[in-house]
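Okay, so here's the structure we're looking at.
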């Protein structure tokens, strides 16, 4: 073996190792860039103002848990209630309750209804089937900003503006991104499952709820968790359509905006951020295994 052949063989063996090492380093740096801000906010929320000003990037000299008590008591908003026609002060507990109700119902309906629509459109042949799919694509193209004014006008004209129940019903349609994703997922599952079930005497509802929906459960659960996290942090929708029912995202938005006026220190504001983020972080940690699970489960035998 010549010297050039030895060098060539060494380079072929070393190249994958170098690429793998560089990729690992880049991914590690990227992961740290995502984790560090969270850790920094958590540590900063446990400092007093003096320690935060002098040592913003070090561990707390004294673990100042009083910031959380102050944030809990100060995390309130005063809004005009259209029903009672009065100014109402909402505490952390009130906003937490609204966050749970609005986010849970919207997330569930925002996944369940598109799942039913996607299943029917993808698995059954009927007149207007392709039109429904094209309408779903078209509604995703329309800019949200462009439809905001018309949406507000329609809600006000129908008398459902700033009303919780109509908001939950009208804000959870059967189309959107979830429909497009689930349409493709249902398309990829063989109809042979349904044919076998029909032979055994199963009906259409049984096939959908007992066969196809359980097979799609990892995907449905992942979409629910993602929708829940996004809805929990959404304050703009509440400000626009439901101002009398402030959620925690709206509360922390106002808390941060008025922190200078109310003379709240940065550590107290960060403690408020942590209080609002605890529920979603907990849900994400618990459901991480389900979210990262395989999308579609199959079980056909030849």
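Cβ coordinates are placed from backbone N, Cα and C, and glycine is handled just like the others.
Note that TrEMBL annotation is computational and uncurated.
Residues 131-152 are the range that TrEMBL records as transmembrane segment, among 65-86, 131-152. Counting same-chain residues at least six beyond the ends of the transmembrane segment (95-119), those with a Cβ under 8 angstroms from any Cβ of the stretch are 75, 77, 132, 164, 167-169, 171-176, 178-179, 182-183, 185-186, 208, 212-213, 216, 220, 223-224, 227-228, 231-232, 238, 242, 245-251, 279. If you look at the transmembrane segment (164-186), the same-chain residues 6 or more away from its ends with a CB under 8 A from one of its CBs are 101-102, 105-106, 109-111, 113-119, 121-123, 133, 135-137, 139-140, 155, 158, 212, 216, 219-220, 223, 227, 237, 241-242, 245, 295-296.
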